[in-house]
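Colleague: As listed in TrEMBL for this protein:
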type	residues	note
DOMAIN	7-81	domain 'RRM'
DOMAIN	129-205	domain 'RRM'
DOMAIN	291-365	domain 'RRM'
DOMAIN	408-482	domain 'RRM'
Amino acid sequence: MDGAPSRVLHIRKLPGEVTETEVIALGLPFGKVTNILMLKGKNQAFLELATEEAAITMVNYYSAVTPHLRNQPIYIQYSNHKELKTDNTLNQRAQAVLQAVTAVQATNAPISGTTVSESAVTPAQSPVLRIIIDNMYYPVTLDVLHQIFSKFGAVLKIITFTKNNQFQALLQYGDPVNAQQAKLALDGQNIYNACCTLRIDFSKLVNLNVKYNNDKSRDYTRPDLPSGDGQPALDPAIAAAFAKETSLLGLPVAAVPGALSPLAIPNAAAAAAAAAAGRVGMPGVSAGGNTVLLVSNLNEEMVTPQSLFTLFGVYGDVQRVKILYNKKDSALIQMADGNQSQLAMSHLNGQKMYGKIIRVTLSKHQTVQLPREGLDDQGLTKDFGNSPLHRFKKPGSKNFQNIFPPSATLHLSNIPPSVAEEDLRTLFANTGGTVKAFKFFQDHKMALLQMSTVEEAIQALIDLHNYNLGENHHLRVSFSKSTI
């Protein structure tokens, strides 16, 4: 990284198939890119920024964080050239890409007077990002966030919480530049294929105060913090499972096809994101992982395979349930894949079912055995493989987008025209709870119904999901992210 500063940077050891767009994206967060020259045969490129200052910031940043393209480290230093003189005919494609990106930037840059500001990105004020995750139908943990966001600089602290029934996080970098880059590259990206979309903004906070290191919050600068009594430190079984899962989370960078058309990309951040991040899909997180859950501290007087099937069925397609013959407060539940078991575990561990706080962990069993033919196990084992009630059988089903943590408000659907609000209020009150509020959707086929506690709502869902309302309508019940 030596040599006198210059606004022209020399980039070496580029992977063979890298595109101009990807190289331009390296410079975008630091300011306007004014020219590029790719030396394809030599795996090198020259990138010219509008100002020397921008180039210095970029070199300093990448001396601390090794830049990668397509998972290969690349090397950036100042060039001996003070500007790039390129033969436009040879360099037409690069110019087209540049113009596209610049056009995108110009339409979004704040207009001060009449001059378009130099840099497309307004400098970040805060090193803290607020992250909201949409379509969260695989669990996203603090460790997964740490892994993704660490690609843009050292993450100092993370706090996660649920607000308005949505998983959110605050994440603090050492430097606002890192926050800026992470926001540019990751906002709008999906963590897993086709779900868990990141929505990222700068937080008004400039510093986070973390009191405990556990699975909800962490201060990486203070490993000595207690885990907090109310909050167990990360359960070792879960930690191990996630370590196994997260080791698979390498982020592959896919190519960005051709030039970025200004029309297809509404803003500079997206341009940089499309180019810099490629896709953040993590195909590594496959259906692998353990499909069998061990649920303990159940109310053995009340629990049945059917009730576990209904509750765990909110988060995946339950294949088999076995209540343990010699330990009836525990059960094994086999889900359709590892993602579903993770999801059920993250949403249901610590919830109350029939008055008891249940524990949900990954089991060491690979499958749930059915009893031998002709052996009566008192109906403790049940095979639901062919159940018509699976919510996630159809690929791309709407149900995938409506997976929420247990909440006091329930979403009801498939209500026949003859059933009135009173009927539903009475039905739900009969499950032993209090109905606090009720609201029909416009078509009367769906409604929101609020119980007084999450535990009452869980009970109502277990009792009334698939309840026959007559006229061949079976009521569908799920947790809602809305409140009434």
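From the backbone N, Cα and C atoms, a Cβ is placed for every residue, glycine too.
Show me how these features fit into the structure around them.
Modeller: The DSSP breakdown of the domain 'RRM' (7-81) into helical (H, G, I), extended (E, B) and coil residues amounts to 27 helix, 26 strand, 22 coil.
Counted with DSSP, the domain 'RRM' (129-205) comes out as 22 helix, 34 strand, 21 coil.
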Colleague: How about the domain 'RRM' (408-482) and the domain 'RRM' (129-205): do they have 3 or more C-beta pairs under 8 A, pairs 6 or more apart in sequence?
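Modeller: In contact, yes.
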Colleague: What is the three-state DSSP composition of the domain 'RRM' (291-365), stated as helix, strand and coil residue counts?
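Modeller: Split into helix, strand and coil, the domain 'RRM' (291-365) gives 19 helix, 24 strand, 32 coil.
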Colleague: What are the DSSP helix, strand and coil residue counts for the domain 'RRM' (408-482)?
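Modeller: Summed over the domain 'RRM' (408-482), the classes give 20 helix, 22 strand, 33 coil.
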